[in-house]
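Everything on this sheet refers to the single structure shown next.
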Amino acid sequence: MTSNDVRDILSLPERPASQPSSSAQASGSSSRNRKSSGSNNPHPSSAASASRPKPKYDGMTRELFALLGDNAPSLAMTHGLDAEGKPVMGLGGLFKPKFKRRKEKVRQWRWTPFLNSARDDTQIDDDVPEINHGLILHHWAPARSFSTTAADGISAEDADIDTKYQYAAFNTTSGVYSYSNDEYIQHLRDDDWTKEETDYLMELCTAYDLRFVVIHDRYDWAAAQASFLAGSTSAVPQPVKERSMEDLKVRYYAICRRLIRSRISTDDVETRQMLLSTYAFDKQREVERKKAVARLYTRTPEQLAEEEALYVEIRRIEQNEAKYASEREELLRLLGGWESLPSSSPHAVAAAGSGIASLLGAEEDSTAKGRAGSANKKRKLQQIEDNGTPGADDAGSSTGATAAATSRPSANLTSKQRAELRQAQFDEMQCIVRFASNANATTDASAGGIAGPAAVSAASSSTRPPYAYLVGTASTLPAVTSNPANPTSGHGVYLRSSRMLAPRPNLVLRTTQVLSESDPPVGPRLIFPTAKNVEKWENLIGAVTTGLEMRKQLERVNAELRIAKQRIAAALHPNRMADKSEASAEAVESRSAAPTENSIAATTSTHAQITIKTE
(Lines of atoms letter the chains of each structure in order from A; the text may use other names.)
(Lines give C-alpha, C1' and ligand atoms only; values in the text may rest on other atoms or scores of the structure.)
Protein backbone atom coordinates (compact mmCIF):
# COMPACT_ATOMS: atom_id res chain seq x y z
CA MET A 1 0.00 0.00 0.00
CA THR A 2 1.35 3.39 -0.97
CA SER A 3 0.77 6.82 0.46
CA ASN A 4 -1.67 7.60 -2.33
CA ASP A 5 -3.83 4.65 -1.28
CA VAL A 6 -3.79 5.84 2.33
CA ARG A 7 -4.80 9.34 1.29
CA ASP A 8 -7.56 7.90 -0.88
CA ILE A 9 -8.93 5.82 2.02
CA LEU A 10 -8.79 8.70 4.51
CA SER A 11 -10.15 11.18 1.94
CA LEU A 12 -7.11 13.40 2.35
CA PRO A 13 -6.11 15.90 -0.33
CA GLU A 14 -3.31 14.92 -2.65
CA ARG A 15 0.24 16.12 -1.85
CA PRO A 16 1.41 19.00 -4.02
CA ALA A 17 3.91 18.10 -6.70
CA SER A 18 6.49 20.61 -5.31
CA GLN A 19 6.67 18.85 -1.87
CA PRO A 20 7.72 15.26 -2.29
CA SER A 21 7.45 12.93 0.69
CA SER A 22 10.39 11.68 2.75
CA SER A 23 9.96 8.20 1.41
CA ALA A 24 10.05 9.55 -2.11
CA GLN A 25 13.19 11.52 -1.27
CA ALA A 26 14.77 8.42 0.24
CA SER A 27 13.86 6.33 -2.75
CA GLY A 28 15.20 9.03 -5.05
CA SER A 29 18.53 9.20 -3.20
CA SER A 30 18.86 5.44 -3.14
CA SER A 31 18.10 5.23 -6.83
CA ARG A 32 20.69 7.88 -7.55
CA ASN A 33 23.24 5.94 -5.49
CA ARG A 34 22.41 2.74 -7.37
CA LYS A 35 22.72 4.55 -10.66
CA SER A 36 26.14 5.98 -9.78
CA SER A 37 27.43 2.68 -8.38
CA GLY A 38 26.17 0.54 -11.21
CA SER A 39 26.60 2.80 -14.21
CA ASN A 40 28.42 0.06 -16.08
CA ASN A 41 25.45 -2.40 -15.77
CA PRO A 42 23.86 -2.67 -19.24
CA HIS A 43 20.56 -4.11 -17.89
CA PRO A 44 18.61 -1.82 -15.55
CA SER A 45 16.91 -3.36 -12.57
CA SER A 46 13.21 -4.06 -12.33
CA ALA A 47 12.85 -1.54 -9.53
CA ALA A 48 14.08 1.21 -11.81
CA SER A 49 11.56 0.26 -14.49
CA ALA A 50 8.77 0.13 -11.91
CA SER A 51 9.62 3.61 -10.68
CA ARG A 52 9.05 5.13 -14.10
CA PRO A 53 5.95 7.35 -14.27
CA LYS A 54 3.00 5.75 -16.07
CA PRO A 55 0.65 7.77 -18.26
CA LYS A 56 -2.69 8.61 -16.77
CA TYR A 57 -5.82 7.69 -18.72
CA ASP A 58 -9.08 9.47 -18.28
CA GLY A 59 -12.33 7.58 -18.09
CA MET A 60 -11.01 4.59 -16.11
CA THR A 61 -10.50 4.24 -12.36
CA ARG A 62 -7.03 3.79 -10.96
CA GLU A 63 -7.78 0.36 -9.48
CA LEU A 64 -9.10 -0.94 -12.79
CA PHE A 65 -6.10 0.39 -14.66
CA ALA A 66 -3.74 -1.17 -12.05
CA LEU A 67 -4.99 -4.62 -13.06
CA LEU A 68 -2.92 -4.31 -16.23
CA GLY A 69 0.23 -4.60 -14.14
CA ASP A 70 3.41 -4.60 -16.18
CA ASN A 71 1.50 -5.44 -19.38
CA ALA A 72 1.38 -2.84 -22.11
CA PRO A 73 -2.04 -1.29 -22.81
CA SER A 74 -3.80 -2.08 -26.07
CA LEU A 75 -3.50 0.11 -29.12
CA ALA A 76 -7.08 1.27 -28.75
CA MET A 77 -6.36 2.50 -25.23
CA THR A 78 -3.08 4.08 -26.27
CA HIS A 79 -4.47 5.94 -29.30
CA GLY A 80 -7.83 6.69 -27.74
CA LEU A 81 -10.08 4.69 -30.13
CA ASP A 82 -13.60 3.66 -29.34
CA ALA A 83 -15.20 0.28 -30.04
CA GLU A 84 -15.91 1.27 -33.67
CA GLY A 85 -12.36 2.52 -34.28
CA LYS A 86 -13.21 6.22 -34.16
CA PRO A 87 -10.71 8.53 -32.39
CA VAL A 88 -11.89 9.99 -29.10
CA MET A 89 -10.31 12.11 -26.39
CA GLY A 90 -9.00 9.92 -23.59
CA LEU A 91 -10.11 6.47 -22.59
CA GLY A 92 -13.66 7.43 -21.76
CA GLY A 93 -14.72 6.90 -25.36
CA LEU A 94 -14.27 3.14 -24.98
CA PHE A 95 -17.42 2.97 -22.88
CA LYS A 96 -20.93 3.87 -23.86
CA PRO A 97 -21.69 7.29 -22.39
CA LYS A 98 -24.60 7.74 -20.07
CA PHE A 99 -27.87 9.12 -21.36
CA LYS A 100 -27.83 12.88 -21.42
CA ARG A 101 -31.01 14.83 -21.66
CA ARG A 102 -31.15 17.47 -24.32
CA LYS A 103 -31.37 20.99 -23.11
CA GLU A 104 -33.76 22.02 -25.87
CA LYS A 105 -37.44 22.09 -25.19
CA VAL A 106 -39.47 19.15 -26.49
CA ARG A 107 -41.30 19.95 -29.70
CA GLN A 108 -45.06 19.83 -29.68
CA TRP A 109 -47.04 18.04 -32.38
CA ARG A 110 -50.56 18.97 -33.40
CA TRP A 111 -53.30 17.29 -35.39
CA THR A 112 -53.49 19.91 -38.12
CA PRO A 113 -55.40 20.18 -41.41
CA PHE A 114 -53.75 20.53 -44.81
CA LEU A 115 -54.52 20.71 -48.54
CA ASN A 116 -52.85 18.40 -51.05
CA SER A 117 -51.89 20.45 -54.09
CA ALA A 118 -51.45 17.28 -56.18
CA ARG A 119 -55.19 16.64 -56.24
CA ASP A 120 -57.22 17.88 -59.18
CA ASP A 121 -60.11 19.03 -56.98
CA THR A 122 -57.88 21.27 -54.89
CA GLN A 123 -57.08 24.91 -55.68
CA ILE A 124 -54.34 26.71 -53.76
CA ASP A 125 -53.26 30.33 -54.15
CA ASP A 126 -50.67 31.66 -51.71
CA ASP A 127 -51.33 35.28 -52.67
CA VAL A 128 -55.09 35.04 -52.16
CA PRO A 129 -55.69 32.49 -49.39
CA GLU A 130 -59.42 33.23 -49.37
CA ILE A 131 -60.01 31.28 -52.58
CA ASN A 132 -58.23 28.11 -51.39
CA HIS A 133 -60.60 25.18 -51.46
CA GLY A 134 -60.50 21.42 -51.76
CA LEU A 135 -60.50 18.25 -49.70
CA ILE A 136 -59.18 19.02 -46.22
CA LEU A 137 -57.04 16.24 -44.77
CA HIS A 138 -55.34 16.02 -41.37
CA HIS A 139 -51.95 14.83 -40.17
CA TRP A 140 -49.57 15.25 -37.26
CA ALA A 141 -47.12 18.12 -37.74
CA PRO A 142 -44.79 20.13 -35.48
CA ALA A 143 -46.63 22.98 -33.77
CA ARG A 144 -43.86 25.46 -34.54
CA SER A 145 -44.70 25.41 -38.24
CA PHE A 146 -48.11 26.92 -37.43
CA SER A 147 -47.08 29.66 -35.05
CA THR A 148 -48.00 32.40 -37.48
CA THR A 149 -50.82 34.71 -36.54
CA ALA A 150 -53.95 35.00 -38.60
CA ALA A 151 -54.05 37.87 -41.09
CA ASP A 152 -56.82 40.39 -41.37
CA GLY A 153 -60.01 38.93 -42.78
CA ILE A 154 -58.84 35.30 -42.34
CA SER A 155 -60.18 33.07 -39.62
CA ALA A 156 -57.85 31.26 -37.27
CA GLU A 157 -59.06 27.90 -38.58
CA ASP A 158 -58.22 28.82 -42.18
CA ALA A 159 -54.86 30.17 -41.12
CA ASP A 160 -53.95 26.82 -39.55
CA ILE A 161 -54.52 24.93 -42.82
CA ASP A 162 -51.19 23.94 -44.32
CA THR A 163 -51.09 24.59 -48.08
CA LYS A 164 -47.56 23.26 -48.67
CA TYR A 165 -47.78 19.49 -48.48
CA GLN A 166 -44.24 18.07 -48.56
CA TYR A 167 -45.18 14.85 -50.39
CA ALA A 168 -47.09 16.51 -53.21
CA ALA A 169 -43.97 16.52 -55.40
CA PHE A 170 -43.95 12.72 -55.48
CA ASN A 171 -47.36 12.45 -57.12
CA THR A 172 -46.84 11.16 -60.69
CA THR A 173 -49.06 10.00 -63.51
CA SER A 174 -48.65 7.40 -66.25
CA GLY A 175 -48.74 9.96 -69.03
CA VAL A 176 -51.94 9.01 -70.82
CA TYR A 177 -51.97 10.24 -74.43
CA SER A 178 -54.55 12.80 -75.54
CA TYR A 179 -55.62 13.83 -79.02
CA SER A 180 -57.54 16.53 -80.85
CA ASN A 181 -60.52 16.22 -83.17
CA ASP A 182 -58.34 16.62 -86.26
CA GLU A 183 -55.96 13.87 -85.10
CA TYR A 184 -58.86 11.54 -84.45
CA ILE A 185 -60.38 12.16 -87.88
CA GLN A 186 -57.06 11.69 -89.70
CA HIS A 187 -55.40 8.86 -87.77
CA LEU A 188 -57.59 7.30 -85.07
CA ARG A 189 -60.79 6.31 -86.82
CA ASP A 190 -61.99 2.75 -86.27
CA ASP A 191 -65.15 1.06 -87.55
CA ASP A 192 -65.57 -0.87 -84.32
CA TRP A 193 -65.25 2.21 -82.08
CA THR A 194 -67.06 5.53 -82.11
CA LYS A 195 -65.41 8.78 -81.07
CA GLU A 196 -67.66 9.08 -78.02
CA GLU A 197 -66.76 5.60 -76.77
CA THR A 198 -63.06 6.26 -77.45
CA ASP A 199 -63.24 9.48 -75.43
CA TYR A 200 -64.96 7.57 -72.63
CA LEU A 201 -62.16 4.97 -72.64
CA MET A 202 -59.43 7.64 -72.50
CA GLU A 203 -61.21 9.36 -69.59
CA LEU A 204 -61.24 6.11 -67.63
CA CYS A 205 -57.55 5.52 -68.44
CA THR A 206 -56.72 8.97 -67.09
CA ALA A 207 -58.93 8.59 -64.02
CA TYR A 208 -57.62 5.16 -62.99
CA ASP A 209 -54.01 5.61 -64.11
CA LEU A 210 -54.01 2.82 -66.73
CA ARG A 211 -55.03 0.14 -64.24
CA PHE A 212 -56.95 -1.93 -66.77
CA VAL A 213 -58.35 -4.30 -64.16
CA VAL A 214 -60.13 -1.36 -62.52
CA ILE A 215 -60.93 0.21 -65.88
CA HIS A 216 -62.63 -2.97 -67.10
CA ASP A 217 -64.57 -3.20 -63.85
CA ARG A 218 -65.76 0.41 -64.12
CA TYR A 219 -66.39 0.29 -67.87
CA ASP A 220 -70.13 0.89 -68.50
CA TRP A 221 -70.58 2.49 -71.90
CA ALA A 222 -74.34 1.83 -71.93
CA ALA A 223 -74.97 4.15 -68.97
CA ALA A 224 -72.45 6.67 -70.26
CA GLN A 225 -74.10 6.67 -73.71
CA ALA A 226 -77.54 7.21 -72.17
CA SER A 227 -76.33 10.24 -70.27
CA PHE A 228 -74.57 11.51 -73.37
CA LEU A 229 -77.73 11.14 -75.49
CA ALA A 230 -79.78 12.91 -72.85
CA GLY A 231 -77.57 15.97 -73.08
CA SER A 232 -77.39 16.03 -76.90
CA THR A 233 -80.27 16.20 -79.34
CA SER A 234 -78.36 15.45 -82.54
CA ALA A 235 -76.54 12.30 -81.36
CA VAL A 236 -77.66 8.98 -82.79
CA PRO A 237 -77.66 5.97 -80.44
CA GLN A 238 -75.30 3.15 -81.39
CA PRO A 239 -75.53 -0.52 -80.41
CA VAL A 240 -73.56 -1.24 -77.25
CA LYS A 241 -70.91 -3.96 -77.63
CA GLU A 242 -69.47 -6.11 -74.90
CA ARG A 243 -65.83 -5.15 -74.37
CA SER A 244 -63.28 -7.45 -72.79
CA MET A 245 -60.14 -6.26 -71.08
CA GLU A 246 -58.10 -7.28 -74.14
CA ASP A 247 -60.36 -5.16 -76.38
CA LEU A 248 -59.77 -2.11 -74.18
CA LYS A 249 -56.01 -2.68 -74.23
CA VAL A 250 -55.92 -3.17 -78.00
CA ARG A 251 -57.79 0.09 -78.60
CA TYR A 252 -55.67 2.16 -76.19
CA TYR A 253 -52.28 0.84 -77.38
CA ALA A 254 -53.31 1.23 -81.02
CA ILE A 255 -54.14 4.90 -80.37
CA CYS A 256 -50.75 5.42 -78.70
CA ARG A 257 -48.83 3.83 -81.59
CA ARG A 258 -50.69 5.85 -84.20
CA LEU A 259 -50.08 9.11 -82.34
CA ILE A 260 -46.36 8.34 -82.00
CA ARG A 261 -46.05 7.67 -85.74
CA SER A 262 -48.09 10.69 -86.82
CA ARG A 263 -46.62 13.34 -84.54
CA ILE A 264 -43.42 15.15 -85.41
CA SER A 265 -40.58 14.43 -83.00
CA THR A 266 -36.92 15.40 -82.68
CA ASP A 267 -35.93 11.93 -81.45
CA ASP A 268 -33.91 9.63 -83.66
CA VAL A 269 -35.29 6.51 -85.33
CA GLU A 270 -34.00 4.08 -82.70
CA THR A 271 -35.65 6.03 -79.87
CA ARG A 272 -38.97 6.10 -81.71
CA GLN A 273 -38.75 2.37 -82.42
CA MET A 274 -38.07 1.65 -78.76
CA LEU A 275 -41.02 3.84 -77.78
CA LEU A 276 -43.25 1.98 -80.23
CA SER A 277 -42.12 -1.37 -78.86
CA THR A 278 -43.22 -0.34 -75.35
CA TYR A 279 -46.80 0.04 -76.64
CA ALA A 280 -46.88 -3.25 -78.54
CA PHE A 281 -49.74 -5.57 -77.57
CA ASP A 282 -50.72 -8.97 -79.01
CA LYS A 283 -54.33 -9.75 -78.20
CA GLN A 284 -54.24 -13.37 -79.36
CA ARG A 285 -51.15 -14.12 -77.30
CA GLU A 286 -52.69 -12.54 -74.20
CA VAL A 287 -55.87 -14.59 -74.63
CA GLU A 288 -53.87 -17.80 -75.02
CA ARG A 289 -51.80 -16.91 -71.97
CA LYS A 290 -54.88 -16.46 -69.82
CA LYS A 291 -56.33 -19.73 -71.07
CA ALA A 292 -53.08 -21.50 -70.23
CA VAL A 293 -53.11 -20.00 -66.74
CA ALA A 294 -56.73 -21.07 -66.28
CA ARG A 295 -55.88 -24.62 -67.35
CA LEU A 296 -52.92 -24.58 -64.99
CA TYR A 297 -55.09 -23.64 -62.02
CA THR A 298 -57.81 -26.19 -62.88
CA ARG A 299 -55.57 -29.25 -62.87
CA THR A 300 -56.74 -32.34 -61.01
CA PRO A 301 -54.63 -34.16 -58.39
CA GLU A 302 -54.01 -36.96 -60.90
CA GLN A 303 -52.63 -34.48 -63.43
CA LEU A 304 -50.42 -32.91 -60.78
CA ALA A 305 -49.03 -36.34 -59.86
CA GLU A 306 -48.37 -37.14 -63.53
CA GLU A 307 -46.58 -33.82 -64.01
CA GLU A 308 -44.48 -34.47 -60.93
CA ALA A 309 -43.54 -37.91 -62.27
CA LEU A 310 -42.56 -36.39 -65.61
CA TYR A 311 -40.43 -33.80 -63.86
CA VAL A 312 -38.65 -36.48 -61.84
CA GLU A 313 -38.05 -38.51 -65.02
CA ILE A 314 -36.63 -35.47 -66.81
CA ARG A 315 -34.27 -34.80 -63.92
CA ARG A 316 -33.15 -38.44 -63.96
CA ILE A 317 -32.49 -38.28 -67.71
CA GLU A 318 -30.47 -35.09 -67.30
CA GLN A 319 -28.37 -36.66 -64.57
CA ASN A 320 -27.72 -39.78 -66.67
CA GLU A 321 -27.09 -37.85 -69.89
CA ALA A 322 -23.36 -38.55 -69.86
CA LYS A 323 -23.98 -42.26 -69.36
CA TYR A 324 -26.50 -42.35 -72.20
CA ALA A 325 -24.10 -40.48 -74.48
CA SER A 326 -21.31 -43.00 -73.89
CA GLU A 327 -23.69 -45.90 -74.48
CA ARG A 328 -24.91 -44.27 -77.68
CA GLU A 329 -21.36 -43.85 -78.97
CA GLU A 330 -20.58 -47.46 -78.12
CA LEU A 331 -23.69 -48.66 -79.90
CA LEU A 332 -22.89 -46.59 -82.99
CA ARG A 333 -19.38 -47.98 -83.04
CA LEU A 334 -20.74 -51.51 -82.87
CA LEU A 335 -23.31 -50.90 -85.60
CA GLY A 336 -20.74 -49.14 -87.80
CA GLY A 337 -18.50 -52.20 -87.73
CA TRP A 338 -14.99 -52.45 -86.32
CA GLU A 339 -13.62 -54.04 -89.49
CA SER A 340 -14.36 -50.99 -91.62
CA LEU A 341 -12.40 -48.58 -89.46
CA PRO A 342 -8.96 -47.61 -90.78
CA SER A 343 -7.67 -46.64 -87.32
CA SER A 344 -8.75 -46.42 -83.68
CA SER A 345 -8.60 -42.64 -83.45
CA PRO A 346 -11.68 -40.82 -82.06
CA HIS A 347 -12.26 -39.13 -85.43
CA ALA A 348 -12.34 -42.47 -87.22
CA VAL A 349 -14.76 -43.95 -84.67
CA ALA A 350 -17.05 -40.95 -84.96
CA ALA A 351 -16.89 -41.13 -88.76
CA ALA A 352 -17.87 -44.80 -88.72
CA GLY A 353 -20.80 -44.11 -86.41
CA SER A 354 -22.09 -41.25 -88.57
CA GLY A 355 -21.62 -43.05 -91.89
CA ILE A 356 -18.80 -40.92 -93.34
CA ALA A 357 -16.02 -43.48 -92.98
CA SER A 358 -15.68 -43.72 -96.76
CA LEU A 359 -15.06 -39.98 -97.05
CA LEU A 360 -12.52 -40.15 -94.25
CA GLY A 361 -10.76 -43.06 -95.96
CA ALA A 362 -10.63 -41.17 -99.27
CA GLU A 363 -9.05 -38.19 -97.59
CA GLU A 364 -6.46 -40.39 -95.88
CA ASP A 365 -5.68 -42.13 -99.18
CA SER A 366 -5.11 -38.82 -100.95
CA THR A 367 -2.92 -37.63 -98.09
CA ALA A 368 -0.87 -40.85 -98.22
CA LYS A 369 -0.45 -40.52 -101.98
CA GLY A 370 0.79 -36.96 -101.58
CA ARG A 371 3.32 -38.06 -98.97
CA ALA A 372 4.45 -40.94 -101.20
CA GLY A 373 4.97 -38.60 -104.16
CA SER A 374 7.06 -36.18 -102.13
CA ALA A 375 9.12 -39.07 -100.71
CA ASN A 376 9.75 -40.43 -104.23
CA LYS A 377 11.01 -37.04 -105.41
CA LYS A 378 13.38 -36.71 -102.45
CA ARG A 379 14.72 -40.23 -102.93
CA LYS A 380 15.26 -39.66 -106.66
CA LEU A 381 17.26 -36.49 -106.04
CA GLN A 382 19.33 -38.22 -103.36
CA GLN A 383 20.17 -41.15 -105.67
CA ILE A 384 21.15 -38.80 -108.51
CA GLU A 385 23.51 -36.95 -106.17
CA ASP A 386 25.05 -40.21 -104.87
CA ASN A 387 25.48 -42.31 -108.05
CA GLY A 388 24.23 -40.11 -110.86
CA THR A 389 21.89 -42.94 -111.97
CA PRO A 390 18.27 -41.90 -112.26
CA GLY A 391 17.28 -45.54 -112.82
CA ALA A 392 16.62 -45.95 -109.11
CA ASP A 393 13.15 -44.51 -109.69
CA ASP A 394 11.94 -48.02 -110.45
CA ALA A 395 13.10 -49.20 -107.04
CA GLY A 396 11.38 -46.29 -105.31
CA SER A 397 8.04 -47.04 -106.99
CA SER A 398 7.85 -50.65 -105.76
CA THR A 399 5.43 -51.84 -103.10
CA GLY A 400 8.11 -52.90 -100.65
CA ALA A 401 7.81 -56.68 -101.05
CA THR A 402 10.96 -58.73 -100.52
CA ALA A 403 10.55 -60.90 -103.63
CA ALA A 404 10.31 -57.88 -105.87
CA ALA A 405 13.39 -56.40 -104.23
CA THR A 406 15.50 -59.50 -104.88
CA SER A 407 14.56 -59.53 -108.59
CA ARG A 408 16.04 -56.08 -109.18
CA PRO A 409 19.60 -55.84 -110.49
CA SER A 410 22.05 -55.02 -107.71
CA ALA A 411 23.64 -52.33 -109.88
CA ASN A 412 20.59 -50.09 -109.33
CA LEU A 413 20.79 -50.32 -105.50
CA THR A 414 22.92 -48.20 -103.22
CA SER A 415 25.04 -49.64 -100.45
CA LYS A 416 22.44 -48.59 -97.85
CA GLN A 417 19.64 -50.30 -99.75
CA ARG A 418 21.72 -53.48 -100.14
CA ALA A 419 22.33 -53.56 -96.37
CA GLU A 420 18.61 -53.07 -95.71
CA LEU A 421 17.79 -55.86 -98.17
CA ARG A 422 20.18 -58.31 -96.52
CA GLN A 423 18.86 -57.42 -93.07
CA ALA A 424 15.25 -57.86 -94.21
CA GLN A 425 16.00 -61.29 -95.71
CA PHE A 426 17.74 -62.40 -92.51
CA ASP A 427 14.86 -61.19 -90.30
CA GLU A 428 12.33 -62.95 -92.51
CA MET A 429 14.21 -66.24 -92.31
CA GLN A 430 14.62 -66.01 -88.52
CA CYS A 431 11.03 -64.68 -87.90
CA ILE A 432 12.37 -61.51 -86.30
CA VAL A 433 10.26 -58.35 -86.15
CA ARG A 434 12.01 -55.03 -85.65
CA PHE A 435 9.92 -52.01 -84.65
CA ALA A 436 10.84 -48.58 -85.96
CA SER A 437 9.38 -45.17 -85.15
CA ASN A 438 5.82 -44.66 -86.38
CA ALA A 439 6.69 -41.68 -88.57
CA ASN A 440 9.61 -43.36 -90.31
CA ALA A 441 7.79 -46.64 -90.76
CA THR A 442 4.73 -44.99 -92.24
CA THR A 443 6.81 -42.90 -94.64
CA ASP A 444 8.93 -45.83 -95.76
CA ALA A 445 5.99 -48.11 -96.26
CA SER A 446 4.00 -45.55 -98.21
CA ALA A 447 7.04 -44.62 -100.29
CA GLY A 448 7.88 -48.24 -101.08
CA GLY A 449 11.27 -48.40 -99.32
CA ILE A 450 12.94 -51.77 -98.70
CA ALA A 451 12.58 -52.18 -94.95
CA GLY A 452 11.15 -55.68 -94.85
CA PRO A 453 8.48 -56.95 -92.48
CA ALA A 454 9.46 -54.45 -89.80
CA ALA A 455 8.34 -51.46 -91.83
CA VAL A 456 5.27 -53.27 -93.12
CA SER A 457 4.15 -54.28 -89.63
CA ALA A 458 4.86 -50.83 -88.19
CA ALA A 459 2.97 -49.18 -91.01
CA SER A 460 0.06 -51.57 -90.70
CA SER A 461 -0.18 -50.85 -86.97
CA SER A 462 -1.68 -47.44 -87.72
CA THR A 463 -4.35 -49.07 -89.91
CA ARG A 464 -5.19 -51.88 -87.48
CA PRO A 465 -8.89 -52.04 -86.59
CA PRO A 466 -9.66 -50.93 -83.03
CA TYR A 467 -10.43 -53.59 -80.44
CA ALA A 468 -12.81 -51.86 -78.07
CA TYR A 469 -13.14 -54.80 -75.66
CA LEU A 470 -9.53 -56.08 -75.61
CA VAL A 471 -6.82 -55.02 -73.21
CA GLY A 472 -3.06 -55.14 -73.61
CA THR A 473 -0.61 -54.26 -76.38
CA ALA A 474 -1.20 -55.40 -79.94
CA SER A 475 1.42 -57.67 -81.49
CA THR A 476 2.07 -55.18 -84.28
CA LEU A 477 2.91 -52.40 -81.83
CA PRO A 478 6.14 -52.08 -79.86
CA ALA A 479 6.03 -52.74 -76.15
CA VAL A 480 7.62 -49.35 -75.47
CA THR A 481 6.82 -46.25 -77.50
CA SER A 482 9.87 -45.01 -79.35
CA ASN A 483 11.24 -41.59 -78.53
CA PRO A 484 11.69 -39.38 -81.64
CA ALA A 485 14.34 -37.33 -79.83
CA ASN A 486 16.47 -40.47 -79.28
CA PRO A 487 16.18 -42.81 -82.30
CA THR A 488 18.62 -45.35 -80.82
CA SER A 489 16.43 -45.96 -77.76
CA GLY A 490 14.35 -49.13 -77.76
CA HIS A 491 13.13 -52.07 -75.72
CA GLY A 492 14.56 -55.41 -74.77
CA VAL A 493 13.86 -58.82 -76.22
CA TYR A 494 10.58 -60.47 -75.15
CA LEU A 495 8.42 -63.43 -76.12
CA ARG A 496 5.63 -62.60 -78.51
CA SER A 497 3.18 -64.85 -76.63
CA SER A 498 3.63 -62.76 -73.46
CA ARG A 499 2.35 -59.60 -75.15
CA MET A 500 -0.98 -60.24 -76.83
CA LEU A 501 -4.39 -58.67 -76.64
CA ALA A 502 -6.80 -60.38 -74.23
CA PRO A 503 -10.52 -59.93 -73.50
CA ARG A 504 -11.67 -57.77 -70.67
CA PRO A 505 -12.08 -59.54 -67.30
CA ASN A 506 -15.87 -59.45 -67.54
CA LEU A 507 -15.78 -61.08 -71.01
CA VAL A 508 -13.21 -63.84 -70.41
CA LEU A 509 -15.69 -66.59 -69.46
CA ARG A 510 -18.16 -65.83 -72.24
CA THR A 511 -15.37 -65.57 -74.82
CA THR A 512 -13.92 -68.93 -73.74
CA GLN A 513 -17.39 -70.50 -73.92
CA VAL A 514 -18.01 -69.17 -77.44
CA LEU A 515 -14.61 -70.46 -78.64
CA SER A 516 -15.27 -73.91 -77.16
CA GLU A 517 -18.71 -74.08 -78.82
CA SER A 518 -17.34 -73.20 -82.27
CA ASP A 519 -16.80 -75.80 -84.99
CA PRO A 520 -14.02 -76.83 -84.77
CA PRO A 521 -13.58 -75.89 -81.10
CA VAL A 522 -10.82 -73.40 -80.33
CA GLY A 523 -8.79 -73.56 -77.15
CA PRO A 524 -8.22 -70.66 -74.79
CA ARG A 525 -4.51 -70.31 -75.68
CA LEU A 526 -2.51 -70.03 -78.91
CA ILE A 527 -0.19 -72.99 -79.51
CA PHE A 528 2.15 -71.53 -82.18
CA PRO A 529 2.39 -67.76 -81.51
CA THR A 530 4.04 -66.65 -84.70
CA ALA A 531 3.53 -63.11 -85.97
CA LYS A 532 0.79 -64.10 -88.43
CA ASN A 533 -0.88 -66.47 -85.97
CA VAL A 534 -0.91 -63.83 -83.23
CA GLU A 535 -2.44 -61.29 -85.58
CA LYS A 536 -5.15 -63.75 -86.65
CA TRP A 537 -5.76 -64.72 -83.01
CA GLU A 538 -6.25 -61.11 -82.02
CA ASN A 539 -8.65 -60.61 -84.92
CA LEU A 540 -10.66 -63.66 -83.78
CA ILE A 541 -10.80 -62.56 -80.14
CA GLY A 542 -11.75 -59.03 -81.18
CA ALA A 543 -14.57 -60.32 -83.38
CA VAL A 544 -15.92 -62.60 -80.62
CA THR A 545 -15.90 -59.91 -77.92
CA THR A 546 -17.47 -57.37 -80.26
CA GLY A 547 -20.20 -59.85 -81.19
CA LEU A 548 -20.92 -60.58 -77.53
CA GLU A 549 -21.22 -56.90 -76.73
CA MET A 550 -23.39 -56.32 -79.78
CA ARG A 551 -25.73 -59.11 -78.67
CA LYS A 552 -25.88 -57.60 -75.18
CA GLN A 553 -26.74 -54.19 -76.58
CA LEU A 554 -29.37 -55.75 -78.86
CA GLU A 555 -31.04 -57.50 -75.93
CA ARG A 556 -31.07 -54.28 -73.93
CA VAL A 557 -32.58 -52.30 -76.82
CA ASN A 558 -35.22 -54.99 -77.40
CA ALA A 559 -36.14 -54.95 -73.71
CA GLU A 560 -36.50 -51.17 -73.74
CA LEU A 561 -38.57 -51.37 -76.93
CA ARG A 562 -40.87 -53.99 -75.40
CA ILE A 563 -41.37 -51.90 -72.26
CA ALA A 564 -42.10 -48.81 -74.36
CA LYS A 565 -44.70 -50.73 -76.40
CA GLN A 566 -46.36 -51.97 -73.23
CA ARG A 567 -46.54 -48.43 -71.87
CA ILE A 568 -48.06 -47.14 -75.09
CA ALA A 569 -50.61 -49.96 -75.13
CA ALA A 570 -51.50 -49.32 -71.49
CA ALA A 571 -51.94 -45.61 -72.19
CA LEU A 572 -54.14 -46.21 -75.26
CA HIS A 573 -56.23 -49.10 -73.88
CA PRO A 574 -56.18 -49.03 -70.06
CA ASN A 575 -59.32 -51.20 -69.66
CA ARG A 576 -58.05 -53.92 -71.99
CA MET A 577 -54.73 -54.17 -70.18
CA ALA A 578 -56.53 -54.44 -66.83
CA ASP A 579 -58.70 -57.30 -68.17
CA LYS A 580 -55.63 -59.11 -69.48
CA SER A 581 -53.83 -58.80 -66.15
CA GLU A 582 -56.89 -60.16 -64.28
CA ALA A 583 -57.25 -63.05 -66.73
CA SER A 584 -53.58 -63.99 -66.41
CA ALA A 585 -53.83 -63.87 -62.60
CA GLU A 586 -56.88 -66.18 -62.63
CA ALA A 587 -55.13 -68.59 -64.97
CA VAL A 588 -52.11 -68.78 -62.67
CA GLU A 589 -54.33 -69.44 -59.65
CA SER A 590 -56.28 -72.18 -61.45
CA ARG A 591 -53.10 -73.90 -62.58
CA SER A 592 -51.63 -73.81 -59.08
CA ALA A 593 -54.88 -74.94 -57.37
CA ALA A 594 -56.19 -77.82 -59.56
CA PRO A 595 -53.83 -79.88 -61.74
CA THR A 596 -55.20 -81.04 -65.08
CA GLU A 597 -55.75 -84.61 -66.22
CA ASN A 598 -52.73 -84.53 -68.51
CA SER A 599 -50.45 -83.49 -65.68
CA ILE A 600 -51.83 -86.27 -63.46
CA ALA A 601 -51.31 -88.85 -66.21
CA ALA A 602 -47.80 -87.62 -66.84
CA THR A 603 -47.00 -87.83 -63.16
CA THR A 604 -48.39 -91.37 -62.97
CA SER A 605 -46.35 -92.57 -65.95
CA THR A 606 -43.21 -91.02 -64.50
CA HIS A 607 -43.69 -92.86 -61.22
CA ALA A 608 -44.25 -96.13 -63.10
CA GLN A 609 -41.03 -95.69 -65.07
CA ILE A 610 -39.07 -94.97 -61.90
CA THR A 611 -40.48 -98.13 -60.29
CA ILE A 612 -39.53 -100.32 -63.27
CA LYS A 613 -35.98 -98.93 -63.32
CA THR A 614 -35.49 -99.56 -59.62
CA GLU A 615 -36.66 -103.17 -60.02
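In case you wondered, yes, glycine gets a Cβ from its N, Cα and C as well.
In Swiss-Prot, the annotation region 'Disordered' applies to 575-615, one of the ranges 83-123, 575-615.
Secondary structure of the domain 'SANT' (185-256) per DSSP, as helix, strand and coil residue counts: 46 helix, 2 strand, 24 coil. Within the model, the domain 'SANT' (185-256) carries an average pLDDT of 90.
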